[in-house]
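Student: Dumping the structure here so I can ask a few things about it.
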């Protein structure tokens, strides 16, 4: 059972895509030594078999490495690997066990690339790692991102790195210059960086400058209102079509050149600007825009493309501000940028507001105070009476590192210490005067109406009893009209009244009766009885 063979050391497994290589070190001086490896697979949950099996491709090898790619088919299960040295019937002890989960130790292989130099740019087409393999370590090639490193083929070359799409073009290159490049595939979510492709070199050509092409294409966006601007150097008639491409199409490995669409309202125009807000239907993706110029000779030219990531390209405008004041608080009401209809500004930017307020006085050393709030309503306390306060507000988003310009200043004056009580007193006095002015004529009118009604329907003076019962008719009011005018029976009463005052009154009364007799129709019938009755009643009235 004794052996002089040493065990292999430093066991390592290298995985590139689905290619597995086992490597080790052997420090023995023995000759004619071969190596054989075994493995365990812990993914068979049905049988739970974990016995050691011979590792295909790694049996009786003479080198210190072997390829066992055909043996591993489950890339997310745990595997154990061990190896030993062999010579004839003699074997060494097994090495230490190497444990692995293939996906976690695998490297991304180099992508394939194709280059084409045309019109001053280099067109590049990248094929994903494992493009032509049946068994794949990486499930979806759409998850790959590609990094390009390019440099001039010269002694003092500067390396330039940039992200590219599977089908892309590299511009801003010097004409008639040889450039070398290499491409790397990455999986950002898994924090994996792959191997670079072999270096390829290509020489650029000179660019054909069409004078009617749109230049300096740029995007101006404020509060989710997007406009594309460009310059026109051509003096003759030129019309333009603004075209867009949905960003995710560039992630595909297909040809997207036929998938550009015209922006509605920006077709066959002569202006050098156009609004493309209508195509921004989602803020989670991104878009590419370009301008197609068409000359009067039916030739066309495409401008450079510009990328639009809506929430990052857009700029935040200043918010709206209203101020009001109570006796102790300054109230600030903020309208989000873009107005109440701009839900994107309110929902996606998670806006906060920076409020600046200060006393607007002749003292230039007045301190400007600041407070940050999340709500659209804020208050400021500790106000000084009879002081003009000014406010301006800035909206900002911490996540997108964006901020607006400050709003216009809004100023309002605080009331004085005695103004509020005086206002209450003045209001009370005015209200009291108004009540008196309205109530006094009303009470007087009601009183007059009451007096008239009482006088008409309930008079305080009643006619004499003989008149009251005369003819069997009752008189309730001297103003009540009758169907027949009564005939007054008048007589002359000759009596001597000793009292002076009574005599005067009687003369007046006699004069009144005489006047009545002269103006009415009288009858001499029953003079005797009428005189007696009248005399008795008159004496009673005088007494």
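Note: Cβ is positioned from N, Cα and C throughout, glycine not excepted.
Because the structure is a prediction, the values reported are computed rather than measured.
Marked as domain 'Fibronectin type-III' by TrEMBL: 7-111, 315-417. Annotated transmembrane segment per TrEMBL: 419-447, in sequence order. Annotated region 'Disordered' per TrEMBL: 511-543, in sequence order. Taken from TrEMBL, the feature compositional bias 'Basic and acidic residues' applies to 533-543.
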Student: When DSSP states are grouped into helix, strand and coil, how many residues of the domain 'Fibronectin type-III' (7-111) land in each?
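Tutor: So the counts come to 7 helix, 45 strand, 53 coil.
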Student: So how many of the residues in the domain 'Fibronectin type-III' (315-417) end up helix, strand or coil by DSSP?
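Tutor: Per DSSP, the residues of the domain 'Fibronectin type-III' (315-417) fall into 6 helix, 46 strand, 51 coil.
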Student: Who are the long-range neighbours of the transmembrane segment (419-447) in its own chain, taking Cβ under 8 Å and residues 6 or more past its ends?
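Tutor: For the transmembrane segment (419-447), the nonlocal Cβ contacts are 327.
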Student: When the pLDDT values for the domain 'Fibronectin type-III' (315-417) are averaged, what is the result?
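Tutor: When the pLDDT values over the domain 'Fibronectin type-III' (315-417) are averaged, the result is 87.
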